[in-house]
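Noted in TrEMBL for the protein shown:
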TRANSMEM  A:12-30  transmembrane segment
TRANSMEM  A:50-74  transmembrane segment
TRANSMEM  A:86-105  transmembrane segment
TRANSMEM  A:129-147  transmembrane segment
TRANSMEM  A:168-186  transmembrane segment
TRANSMEM  A:192-209  transmembrane segment
TRANSMEM  A:216-235  transmembrane segment
TRANSMEM  A:241-262  transmembrane segment
Amino acid sequence: MFELEFMRNAYFAGTLIAIVSGMMGVFVIARDMPFMAHTLSEIGFAGASFAVFIGWLPLNGMLAFTTVSSVLVGELSGSVQSRREAVISAISGLFIGMGILFLSLSSKNSSYATSILFGSVIGISHHEVIQMTFLSGVILLILLMIYRNLKDDSFDSVGANTNHIHRSLISIVFLVMLAFSVSVAAQIVGSLLIFVLLTLPAASAKYYVHTVAKMMGLAVGFALFGVWVGLYLGYLTNWPVTFFIATIEAVIYALALVFNAVRKTSL
Amino acid sequence: MSETLISVENLSLSFPNHPVLTNLSFKVNRGEFLGVIGENGVGKTTLVRIILNQLRPSSGEVRLKDGLKIGYVPQFRNVDIEFPLSIKDFIALNFTGIKLPWLSKKEKARIKKVIELVGLTDIANRPLGLASGGEKQKAYLGQALVNDPDLLILDESTASLDPNTKQELLDVVLRLNKQLGLTILFVSHDMQLIHKYPDHYLWLRKGKYTTGAMSDLHNENQEGQYV
Ligand SMILES: Nc1ncnc2c1ncn2[C@@H]1O[C@H](COP(=O)(O)OP(=O)(O)OP(=O)(O)O)[C@@H](O)[C@H]1O
Ligand SMILES: [Mg+2]
């Protein structure tokens, strides 16, 4: 399997994706933002179809659309939690509408669209691998830098008010990081299902371990397991890798819920 | 003469069409245990938020000693049963700043110390979401202490606790005050507790207030002004 260059690329890219999504996912869950992650995935699709329309690399279109929309969401919803979901709906409606428009306007065939939506193992070029590596590096570097403040703001927003943290800045920076993560992850998993890696591994990890660092570690582990096994099964069966990854992560999450229920009754 | 940490002068605050604090003046000196008492809605949390610089007063001023470090236990917290962090990790959240992600030796030692102070050593690794109400309040207290404040502000920390747990928490606070010299601002609507622990009081009522040493409150009370 590893004699094939595209499989080597896919494993390398998948590993990056799993690391970034697992770590970011812990904060997505803590900040109660699965819906935002889901929506950014769809907006990523719109960005990719825009890129196809004007002749960019899909990744660049995704970056542009997800970044702009996440900043808009951050600015418009401000610190009002309850407004956030409605703002996300409005923004995502707007962007996805544009995505559909660009797709119908562009001359590329629809198989291109499905590869963006559903992900593709063969599609990853050497150039994209380099760009993904760079983006992942940037995300992880920013994460390391703002780690302490992001942690406080995400897990204890009330307490963070008195800790001299610039909360609205943290929130925008986090959204942009999330936009980058979504664009990176979309390369293999497809924009339809990126939110799976950005939410389920972290949502499962929190039932087993109880520090932020350990949750990030375990979430990365769950994500890696899904991506590696998914790629292998995809290679064996020729079925979509995304199907396997989504199913594996869903099973991991179900097991975590069972584990939690059993532990509660046995306490 | 002991050092003044907070000095409030002629402080007033009105929300639109709704005066809350009028012409309030008082001081908090180092080492004091001040009980701020008053009925629901009288403006206790509002006063605290002004001291913390989260709200601007309509007039008057609040002066804090230069470099005053305040530890704050807010009245409400969003911690539900699935809150995943251990008590220890929750306490560590207050070590903020653009610094290395992992804690230094000194920070770890401080966390351990604080957990001892609030009496949670045995359950330090338990998820906070699963802790009892009293344990949660102790964890909040620990978090507020972690940066070694000069002044500790507790807003209704005992409100949801049963009488024994209330006492237990306040015994911890009293120890911090008497043994470590920590200045305390304790906000509560519980008259009995205020009689028992603080050495000074600030009693907010609609449009007026009284303040003084605890013995004065005993006298005030005998005049039957508080229901
Ligand atoms: N941002 C705000 N805008 C308008 N009114 C407000 C605002 N914040 C508080 N109030 C009002 O100010 C009054 C004082 O509120 P505050 O929270 O300070 O009361 P409290 O003494 O802490 O009460 P409790 O014992 O219930 O905690 C209340 O009537 C409240 O409705
Ligand atoms: Mg209050």
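Quick reminder: no glycine exception, Cβ is built from N, Cα and C everywhere.
TrEMBL entries are annotated by machine, without manual review.
Ranked by number of Cβ pairs under 8 Å to the transmembrane segment (A:192-209), the listed stretches A:12-30, A:168-186, A:216-235, A:241-262 are led by A:241-262. Ranked by the number of CB pairs under 8 Å to the transmembrane segment (A:216-235), the listed stretches A:12-30, A:50-74, A:168-186, A:241-262 are led by A:12-30. Using a Cβ-Cβ cut-off under 8 Å and counting only residues 6 or more beyond its ends in the same chain, the transmembrane segment (A:12-30) has close neighbours at 36-37, 124, 128-129, 132-133, 136, 139-140, 143, 150, 154-155, 174, 177-178, 181, 184-185, 187-189, 194, 197-203, 205-206, 212, 215-216, 219-224, 226-228, 230-231.
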